[in-house]
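Visitor: Mind having a look at this structure? Questions to follow.
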Ligand SMILES: Nc1nc2c(ncn2[C@@H]2O[C@H](COP(=O)(O)OP(=O)(O)OP(=O)(O)O)[C@@H](O)[C@H]2O)c(=O)[nH]1
Ligand SMILES: [Mg+2]
């Protein structure tokens, strides 16, 4: 399982017939952040296409996946949805930090404490040898609750810049951004952005506010230099 | 949960909780019922028989019996139950936010047909119960999943009995999970692979190669499967078993589940994600009775001490394991409920371990109902008699618990 330079790996023989053919590339993305910020909802929305009616506390690690096509290549995106409660971090979730290709940090825009926890989560990642070379993004969730926002976009953007991460603000519940007539799905775009990033290992620019048509997201590769935070491949404040 | 309780009432017969296997012939069931009732009125209570009944086919058969036997398995005096927690239990509690977050998201654990208002009442109780138990023993730390245990108990035995049971469980069977860190929990999980190694070397080696770890079984262990089973009757059946067993038994059951799925596992790609994915999704139609029997066999064949030696498990003090023997011994000297009632009344509250307790039937009743009872309210007495007459023995125990469950649970049960 040990891989270094390449951030993708090839799967071996697959058993079930509805799985993609062998050698489908798998992108493993771990999703972390405080309990209740909406990690389960976000991963569920991306993999099942809708907001889950009922979520339950995540105990340990849950696993979701989805097959996508990027530039004609079928790629399996594996999302590791982790438990938020602090006690699970240290001795439990550890095991799953290994071999992930990207990290998604999530906070809840209506919960300042979840934003204040971010440095601890980032530190946690570093301890598991997931430094800045691994693509990392920051997601502020629950943007639909506009009246109870506690973490402003500017503060979050500053933080993201400091840590060289792109920032995305979204809502797992109602991810359609208002500007483009509610047609696109931000959550979709966010994970697809990570996938594109991984596929190319070149920085990406969201050319437009993502336009969704039939579940596909149009993303175009950017030509700028490597992974420098939101400036180069992020978007923010879109909700 | 499939509206088990409502159905039970409509059909006018008790539905047993023996899961997916075919029912025992009625005579076997009848005999088991009478054995259990006999064990309950023996003096001292015949705890060995109760334990055997809880583990053997069908478990404790009915909710009615669970309410009487569960407390005995945990050495709880039903006439000396803790009070409902006051509002102040929520004040300045470090775990308050997390508990509320988890309780709010526990909707799936309630029967589908339950009115939202009723569920809301139970969820409030759940929060109070958890906070109360944590407050009693400051060394205990809340973990996500603890609420799944609380709700299982609450749906069967009602608020005050749940406090008593959860209190005992937290200090014994669940104790290792409640440390400030999960290191002890990890230690308990470490028993899983050695069991597999003893039984199916090939499967064991496959899982080692896949580096799957044991986190797939974490929620099974710390919630006694309450978090992962969607049919409540299976959950209750397993709780019968675990309440009567060694604290490590959930791990032995985990082993039997993995072994049961051996073929599927070996066919999977030998990759952490794939194997974790497969195993963490527990099939809902497992042959529970069979697996319970196998778990017991495994336990007898490869007891924890032997595993610890063979697998060179790092010695670590497990409070759950080290206090288990004494705990089991203590359960041997329980008096039947009729005697307990008399004794508890006579002793008064001064001897209670926890300060906010009263004794006797009146005390065990919620204030208002207690008064009604005292005045000899005929309606209440008759209702209680109606419940208990069919059961024969331990009339007062039924009366007490029935009243104690409070109207909302009564509504749900009867
Ligand atoms: N309004 C709103 N609520 C959300 C959104 N995302 C999640 N929630 C709610 O927030 C609560 C927590 O969501 P989860 O996805 O379970 O949180 P989590 O981060 O997985 O929490 P843990 O599993 O405990 O770590 C749930 O009640 C969700 O319904 C959102 O975008 N908008
Ligand atoms: Mg979750």
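If you go along the chain as it appears here, the first residue is 1 and each next one adds 1.
Including glycine, each Cβ sits where the backbone N, Cα and C put it.
TrEMBL: automatically predicted annotations, no manual curation.
From a predicted model like this one, the values you see are computed outputs, not experimental measurements.
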Visitor: Given the ranges B:206-226, B:269-289, B:290-310, which one is assigned the annotation transmembrane segment in TrEMBL?
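Guide: So the range that TrEMBL calls transmembrane segment is B:206-226.
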Visitor: Which one of B:360-381, B:382-403 shows up in TrEMBL as transmembrane segment?
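Guide: So the range that TrEMBL calls transmembrane segment is B:382-403.
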Visitor: In TrEMBL, which of the ranges B:172-193, B:238-259 has the transmembrane segment annotation?
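Guide: Within the set B:172-193, B:238-259, TrEMBL attaches transmembrane segment to B:238-259.
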